[in-house]
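Everything below concerns the one structure shown next.
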Amino acid sequence: MSPQTETKTGAGFKAGVKDYRLTYYTPEYETKDTDILAAFRMTPQAGVPPEEAGAAVAAESSTGTWTTVWTDGLTSLDRYKGRCYDIEPVAGEDNQYIAYVAYPLDLFEEGSVTNLFTSIVGNVFGFKALRALRLEDLRIPPAYSKTFQGPPHGIQVERDKINKYGRPLLGCTIKPKLGLSAKNYGRAVYECLRGGLDFTKDDENVNSQPFMRWRDRFLFVAEAIFKSQAETGEIKGHYLNATAGTCEEMLKRAAYARELGVPIIMHDYLTGGFTANTSLSFYCRDNGLLLHIHRAMHAVIDRQKNHGIHFRVLAKALRMSGGDHIHSGTVVGKLEGEREVTLGFVDLLRDDYIEKDRSRGIYFTQDWVSMPGVLPVASGGIHVWHMPALTEIFGDDSVLQFGGGTLGHPWGNAPGAAANRVALEACVQARNEGRDLARHGNDVLREACKWSPELAAACEVWKEIKFEFETIDTL
């Protein structure tokens with residue numbers, strides 16, 4: 001093992017390697033309101049005590065290194081070091097522990113998710129003394145969160161911009177995700193928006209490929225938006241993906257979207273990076289654009305139970321970096337997502353104050369103070385039969401996004417959109433009348449089918465479609 005010792009006033013420098021726990025394991029420490037707190041799930045190597053492993057995590061993610069260095073004496077490690085202040089075994093797991101680490105605020109640059117993550121989830125994740133390490137949760141104190149702008153606009157401002165209240169918003173990802181020409185792509189957008197959707201979406205893969213350059217796509221999509229608005233009398237939008245190979249190109253695409261007068265653009269925040277995302281978020285607030293966020297690559301980071309970063313941490317990071325929507329899983333669709341865990345980080349995205357609740361995976365009470373909220377987006381393998389459950393689970397402040405569940409309608413895109421809109425409004429009305437959607441949701445849809453042939457056709461097509469697999473990431 002390897003670490004660093006604290007050099008106290010009057011003590012001489014003693015070279016060598018000493019246990020991390022001598023300096024970084026401090027069970028007597030009382031956390032401060034200004035500390036950033038982290039909960040790590042750690043699996044030590046055989047023979048490594050959990051106290052030493054927890055101290056190593058605190059050291060290597062803050063001021064420590066593998067040996068004592070004489071420059072320790074030029075600063076105050078006691079002021080700047082991370083501290084492992086508690087360790088608890090994980091119930092039902094062999095040799096797994098939750099290590100709680102407190103970091104002083106001065107370790108991190110203000111307003112920089114990039115710097116925060118570089119320290120807390122940096123080199124320590126490759127540390128040999130650990131078989132595996134996962135960051136389960138972070139407590140971001142108001143003293144730090146107030147250094148971030150957060151979402152460009154937030155939930156209430158978005159509703160005011162698009163003039164839609166009292167129900168979830170409806171979206172659709174255009175399929176096939178790759179291969180359409182810009183003109184045919186715009187046609188699909190128009191049909192979906194005219195049929196009753198609020199938004200359509202670029203797939204996360206769509207940037208500027210040879211079959212459809214970004215500028216052509218933006219032009220045809222803008223035409224589709226304005227035509228559908230004129231015909232329906234509703235404000236419509238399409239998530240134009242501004243993600244690009246450089247920040248300069250990304251901002252150029254965002255500027256062109258603003259010139260066209262569209263209401264919303266999109267970014268892949270993990271593949272694009274937090275620095276790029278924060279820059280784009282600032283641009284969107286300054287220029288009145290809503291910002292939809294896709295989480296492509298998240299499962300590489302968050303799906304394994306014992307190593308990586310839980311999505312609740314990535315969700316908090318996005319709220320600080322900036323985005324008005326983010327994909328959050330569906331609970332009922334084709335993508336990973338256990339109900340209570342999903343609802344836990346959905347609350348972390350939307351609410352101002354979230355109490356500690358280990359039953360939902362929330363390790364710390366989180367106070368966002370006045371930071372705007374983010375709309376969770378349920379997307380992936382959902383169709384009209386899921387509408388009652390989605391309405392009940394996610395509530396009004398959400399975006400329900402049906403790709404194949406719109407474009408796969410046997411009568412075409414516009415009827416597919418109409419089916420989803422009718423299903424949603426029927427579920428919202430039934431809920432508002434006091435009906436239990438968990439028990440009577442299917443009956444609500446069958447009743448609505450009597451006056452919507454589009455919905456009846458959709459219900460017939462997808463009546464047997466289910467995605468019943470065991471969730472990997474459980475509490």
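Just so it is clear, glycine is given a Cβ too, placed from its N, Cα and C backbone atoms.
Residues within less than 8 Å, Cβ to Cβ, of Lys175 (active site, proton acceptor) and separated from it by at least 6 positions along the same chain comprise Asp203, Gly403, Gly404, Leu407. Annotation comment: Swiss-Prot describes Lys175 (among others) as active site, proton acceptor.
As annotated by Swiss-Prot, active site, proton acceptor applies to His294 (among others). In sequence order, Glu204, Asn241, Met266, His267, Asp268, Tyr269, Ile326, His327 are the residues of the chain that are 6 or more apart from His294 (active site, proton acceptor) and have a CB within less than 8 Å of its CB.
The substrate binding site annotation in Swiss-Prot covers Asn123, Thr173, Lys177, Arg295, His327, Ser379 and is backed by sequence analysis. Every protein chain shown contributes to the tally, and the Cβ of Thr173 (substrate binding site) ends up with 24 other Cβ atoms within 10 Å.
A coil conformation is recorded for Glu204 (Mg(2+) binding site) in the three-state DSSP classification, outside any helix or strand. Taken from Swiss-Prot, the feature Mg(2+) binding site covers Lys201, Asp203, Glu204, and the record attributes it to sequence analysis.
Feature annotation from Swiss-Prot assigns N-acetylproline to Pro3.
Sequence annotations record features per position, and here Swiss-Prot assigns N6,N6,N6-trimethyllysine to Lys14 based on sequence analysis.
Long-range Cβ contacts of Lys201 (Mg(2+) binding site) within its own chain (separation 6+, distance under 8 Å): Gly171, Cys172, Thr173, Ile174, His238, Tyr239, Met266, His292, Gln401, Gly403. What Swiss-Prot lists as N6-carboxylysine is Lys201, and the listing cites sequence analysis.
Among the features that Swiss-Prot reports, site 'Transition state stabilizer' is placed at Lys334, with the record citing sequence analysis.
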Of Asp203, Glu204 (the binding-site residues), the residue whose Cβ has the fewest other Cβ atoms within 10 Å: Asp203
